[in-house]
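As recorded in Swiss-Prot:
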CARBOHYD  80  N-linked glycosylation site
CARBOHYD  97  N-linked glycosylation site
CARBOHYD  130  N-linked glycosylation site
REPEAT    141-165  repeat 'LRR 4'
CARBOHYD  153  N-linked glycosylation site
CARBOHYD  164  N-linked glycosylation site
CARBOHYD  212  N-linked glycosylation site
CARBOHYD  237  N-linked glycosylation site
REPEAT    263-285  repeat 'LRR 9'
CARBOHYD  312  N-linked glycosylation site
CARBOHYD  478  N-linked glycosylation site
CARBOHYD  558  N-linked glycosylation site
CARBOHYD  587  N-linked glycosylation site
CARBOHYD  602  N-linked glycosylation site
DOMAIN    690-967  domain 'Protein kinase'
């Protein structure tokens, strides 16, 4: 009986256990499991709303059916989630929509998602999912309409199994690491409308089977892919295609004429490829075209006559090709044309005279061609023209008076032509004007600046090398915002007006090669931001004003070839910022000072003044003070040499004895850990990390290892380069490390501890899982580093450097600022790293300690070449290079030809004008807020100014970066349409955006 009862009890336990195991996971438990798999920001609504006090149908992102029992939609986009995606999401059987876009979710995509048979919409874009695509999804998700995996870390070949999803209408696989060829079976989807494989590592030929997707409306295959050959002619079979983007993917050959069959196409982007031959006439058959960009190719021949049929065209970019011939007259008659950019070709003939008469023209850039004739008279008839660039042609005639009434105009660059006549008198009164470049022409007349209002945005006026004459009006003092005023090489006469002292933003003043007379206006010294002053080759007379010595940041002063008299002010010696002067060929007299800054100037700065005396200029006459030093006798010199020899021998003996004692001491000395916070590991744990497999970086300062401590904490261990015994502790090395260990700032990599045995030094830092900015930006994933993230990194790194320069005690100069020394944590937050070359500022604000070379190639400030000194402004220059990297996506050196770095390249491309940033912007970036990029580019140009004193401080950099100008929504929309022209843009802030990165037109 007992045995029977025991068996019965065991049977009941087994049945109970079976029911427990078989009990299905409820949808509530599935959601809670999903929540537990995420790492959630403390401010996330998931923490506040996802709790058991309310029904799960009311939780953030959860939508249920009418019965309020089953989840039908789960949208957790943009909630700053990290962690992994739990496979329990598969226990939401009626789920139709799953969107986790714009988070930081990692790990593989769970194959269990294939059990969600009702799923229609799956959006996992803008995360960090990795691994290969699970083929199980293709067999289970038979009702799937939308699959968006854009911008993840998925690898392997493009999944062929996806062709089983016959209901698919939208497929976005762009921005991953997919490799191999586009499968031929990708031409078999019966109802597909959107296909994007851009931004991967695809190779091979574009399969002709793509032409079978007759329902396709949008096709994106460019950016980072490297296809063989060109476009297949079958592309012409995509009769429903509206947008086609094949930019920057290595295409060659000619554009197939079959493309003319795409009668619904409104956007065609084929820029940055290697297309050759002539532009096919069949493009003119696509009357629906609105935006066409064929720039940065190798097209030859003329603009096709068939383009006259493109009546809807708003954007036409053909710049940087090898096109020639005349610009057809019909270009000027296109009724909708807003953007026309034909620069850097070989166009000849005249500009179509009707250009702009449609009243819609916004951007016109015809620079660097061989155009002749006159300027069209009505380019601004609609008062919408913002940018007018005809730089570097052979244009003649006068500047149309209508431009003086073009209130929308912001930039006018018509230098290096043969223009004559006078400058329109209203030009400088235009309210939005920021830049006027009319240099190297034959303009005559006076400077048309009246007492009326001028634009406060007018920052640059370049009228160099013309035939302008007359005196400068007093109203020149109304140019309150001008930073560069270049009037050299003209025939201006009269005195320099004292009102020039009101130009408080002026940094560069060039009045050389004119006929100015009278005394130098001492009011110039009130322009406290001036760094460059050139008044040479005029008829100026009188003394050099003593007030000039109060210009604290002046770098360059040229007063040569005038009629100046008197002595050179001795106080100029105290102008520490002054690095170049020229007083030659005047009537100056007296002794040239030999102290202070004068010790840096050579005799060529003073020649041509017969009454000057001093070094290199001959002895001073009677009555002129000069010091007389009796030369040393031969006996005294011999005694000095013998004394120095004896001291050297004594020093060598002492050094040998000291080295031996240090060696013996180090052999007996064990490893010693200096901790800068509470640590749960020892030096032995750190030493265990010093393995070849753990190396994550090598540099001049040493080797960096990734270390895992006993409790699982990750650290970065920097083993400093081997030094001679004890040398690492010379010059206050220990004190420096102690100081670094005390630094606590959100945007500076934290030094946790320091291990040393007097032979080897190990610095233990917090670990940054996303590596360096340089690795990310210049690696394949750089294209997925969105503008918002780039701006955030720039601002955070600036804040870190600002702390070192202004708030740290003692103040620190980094000395090696570069993108590889800006590290990114798991949230892509920036941290300034690597103080291996840093030295501490003294109270005087200058660095007295020098290393062999301060900085890395491409980042070194130009003044280092002749001063061999670094200070905060050297760091500012290097940071400016980092900003240019973020904007252009290019490395500092190696991409621009021998001897050309990124700063020189950017200057040549943009002429140092911030509004030309679109000519150098990273082609991998999606559409961006142009005013923000322009603002950051402006900051970069300030940082890389050649003269150190012209650069802002890091505190000013932070302030300027945070003060991005806001523009009204209407203007922002207008600006975006002006630049991208209905390009397939992706809104970075939108988690559901399905388009791949588009290319800014400039």
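Going from the start of the chain as shown, residues are counted 1 onward.
Here the Cβ of each residue, glycine as well, is placed from N, Cα and C on the backbone.
Here the features listed in Swiss-Prot are painted onto the structure.
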| residue | record | CB count, 10 Å |
| --- | --- | --- |
| 80 | N-linked glycosylation site | 16 |
| 97 | N-linked glycosylation site | 17 |
| 153 | N-linked glycosylation site | 15 |
| 212 | N-linked glycosylation site | 18 |
| 237 | N-linked glycosylation site | 19 |
| 312 | N-linked glycosylation site | 16 |
| 478 | N-linked glycosylation site | 21 |
| 558 | N-linked glycosylation site | 20 |
| 587 | N-linked glycosylation site | 15 |
| 602 | N-linked glycosylation site | 9 |
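Using a 10 Å Cα-Cα cut-off around residue 212 (N-linked glycosylation site), the glycosylation sites 130, 153, 237, 587 reduce to 237. With DSSP classes pooled into helix, strand and coil, the tally for the repeat 'LRR 9' (263-285) is 5 helix, 6 strand, 12 coil. Secondary structure of the repeat 'LRR 4' (141-165) per DSSP (helix as H, G, I; strand as E, B; remaining residues coil): 5 helix, 6 strand, 14 coil.
Counting every protein chain shown, the Cβ of residue 164 (N-linked glycosylation site) has 17 other Cβ atoms within 10 Å. Residue 97 (N-linked glycosylation site) is 61 Å away from residue 478 (N-linked glycosylation site) when you measure Cα to Cα. For residue 130 (N-linked glycosylation site), the number of other Cβ atoms no farther than 10 Å from its own Cβ, over all displayed protein chains, is 15. Of all the glycosylation sites in the list 153, 164, 237, 602, the shortest Cα-Cα distance to residue 587 (N-linked glycosylation site) is found for 602. Of the recorded residues, residue 312 (N-linked glycosylation site) and residue 153 (N-linked glycosylation site) place their C-alpha atoms 40 Å from one another.
Looking only at the domain 'Protein kinase' (690-967), the predicted model's pLDDT averages out at 79.
Following the DSSP three-state reduction, the secondary structure of residue 312 (N-linked glycosylation site) is coil. Nothing from the glycosylation sites 97, 164, 558, 602 places its Cα within 10 Å of the Cα belonging to residue 130 (N-linked glycosylation site). A separation of roughly 23 Å, to the nearest angstrom, links the Cα atoms of residue 237 (N-linked glycosylation site) and residue 164 (N-linked glycosylation site). DSSP classifies residue 80 (N-linked glycosylation site) as coil under the three-state reduction.
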